[in-house]
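Student: Sharing a structure below in structure tokens format, with a few things to ask.
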């Protein structure tokens, strides 16, 4: 088959002269249906309105560019937005350490606790020998307030927690981050407060602006009819072993009796351990306390060192020599030598018997051995007499 020859008469519109012809071939409904002439184009770009608009636009653009350049060279200082205050340090240090010494005052203020055992099911128990309260997390801990005479009206009771050891006393006792974010507990109390009061709508949770310490204050109520003391129910909202919180550091709870002006009327304190099994921990610590024989735990932390046992010595105690219970057979040639070794063995047996047995047994045994020894001595004399005589054939 013959290939069709290309039509050379068709030329591509490669010049500006053919562009107007192609423009006329476009359909009439096209947006660009009419091609403007060269005169109209010149009038468009050379009209006074367009020229003024371009000049105004150019001036505006130049002004914007100049403003941008000046801004880049000399930045304008904007008024900063109010910055939020920095959060408080996780462990704020207090400027003063409250005292925890017992002070009964003029009203004979003292504390009391309910008698409870050491069973596994108990949720709160107090050890008088340790002056320590063992309780579970967020469980009711009744504390009794005893006074000899009624304080003045408006008296308040304050509860505050501090660390027991000297190196941590300046730190504020607060809950761990995990329990702070939890929604459990009283909504009236701040989430960072460790001690809370149960069943008292007049409780006030205070943060000291100078020491940053947390405390809860309730008005003092006289004992009810038929009762000798006032009871306040406290809750501890974090475990002693929580990381980021107490972190196994022992704490003390200070209960103070104050007048309306804040003057101290009485003070008392006790150690607290918040754990999962209060009864078990109380038994363990009381046994350790009895074994160590430490002084009273109410003494200052400086004297809380472990006392060395008095019976310690560098050299071990001498060991008693134990008699060997084995028996051996010794072959001896000659009857005379046998008698001599027999007497020596009996003498050693007598010495051992005197060292091990009492005087009564030793007396009977020695008399028996002496009689036997006397018989052996007489036999030895007879043998010597026979040897002194003439030899027989």
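Quick reminder: no glycine exception, Cβ is built from N, Cα and C everywhere.
Straight out of Swiss-Prot:
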- 283-295: compositional bias 'Basic and acidic residues' (COMPBIAS)
- 352-363: compositional bias 'Basic and acidic residues' (COMPBIAS)
- 24: ubiquitin cross-link (CROSSLNK)
- 291: ubiquitin cross-link (CROSSLNK)
- 292: ubiquitin cross-link (CROSSLNK)
- 351: ubiquitin cross-link (CROSSLNK)
- 357: ubiquitin cross-link (CROSSLNK)
- 15: phosphoserine (MOD_RES)
- 18: phosphothreonine (MOD_RES)
- 120: N6-lactoyllysine (MOD_RES)
- 139: N6-lactoyllysine (MOD_RES)
- 284: phosphothreonine (MOD_RES)
- 333: omega-N-methylarginine (MOD_RES)
- 337: symmetric dimethylarginine (MOD_RES)
- 370: N6,N6-dimethyllysine (MOD_RES)
- 370: N6-methyllysine (MOD_RES)
- 373: N6,N6-dimethyllysine (MOD_RES)
- 373: N6-acetyllysine (MOD_RES)
- 381: N6-acetyllysine (MOD_RES)
- 1-45: region 'Transcription activation (acidic)' (REGION)
- 273-280: region 'Interaction with DNA' (REGION)
- 319-360: region 'Interaction with HIPK2' (REGION)
- 368-387: region 'Basic (repression of DNA-binding)' (REGION)
Student: Which whole-number value in Å describes the distance between the Cα atoms of residue 284 (phosphothreonine) and residue 139 (N6-lactoyllysine)?
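Tutor: Here the two Cα atoms are 21 Å apart.
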Student: Just to verify a number: CA distance, residue 24 (ubiquitin cross-link) to residue 139 (N6-lactoyllysine), in angstrom, no decimals.
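Tutor: Approximately 97 Å lies between the Cα of residue 24 (ubiquitin cross-link) and that of residue 139 (N6-lactoyllysine).
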Student: Rounded to the nearest Å, what's the C-alpha distance separating residue 120 (N6-lactoyllysine) and residue 333 (omega-N-methylarginine)? Just drop the number here, would you?
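Tutor: Rounded to a whole number, the Cα-Cα distance is 77 Å.
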Student: According to DSSP, does residue 292 (ubiquitin cross-link) fall in a helix, a strand, or coil?
Tutor: helix
Student: If you draw a 10 Å sphere on the Cβ of residue 139 (N6-lactoyllysine), how many other Cβ atoms land inside?
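Tutor: The answer is 16.
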Student: Can you tell me how many other Cβ atoms are located within 10 Å of the Cβ belonging to residue 333 (omega-N-methylarginine)?
Tutor: 6
Student: For the region 'Basic (repression of DNA-binding)' (368-387), what's the mean pLDDT in this predicted model?
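Tutor: Result for the region 'Basic (repression of DNA-binding)' (368-387): average pLDDT 61.
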Student: Between the recorded positions 333, 337, 351, which lies closest to residue 292 (ubiquitin cross-link), Cα to Cα?
Tutor: 351
Student: List which of the recorded positions 139, 291, 351 have their Cα within 10 Å of the Cα of the residue listed as 'omega-N-methylarginine', in sequence order.
Tutor: none
Student: In whole Å, how far does the CA atom of residue 337 (symmetric dimethylarginine) lie from that of residue 351 (ubiquitin cross-link)?
Tutor: 22
Student: What is the Cβ neighbour count of residue 24 (ubiquitin cross-link) at a 10 Å cut-off, with all protein chains included?
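Tutor: I count 9 other Cβ atoms within 10 Å of it.
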Student: What count of other C-beta atoms do you get within 10 angstroms of the C-beta of residue 120 (N6-lactoyllysine), across all chains shown?
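Tutor: So the number of other Cβ atoms within 10 Å of residue 120 (N6-lactoyllysine) is 8.
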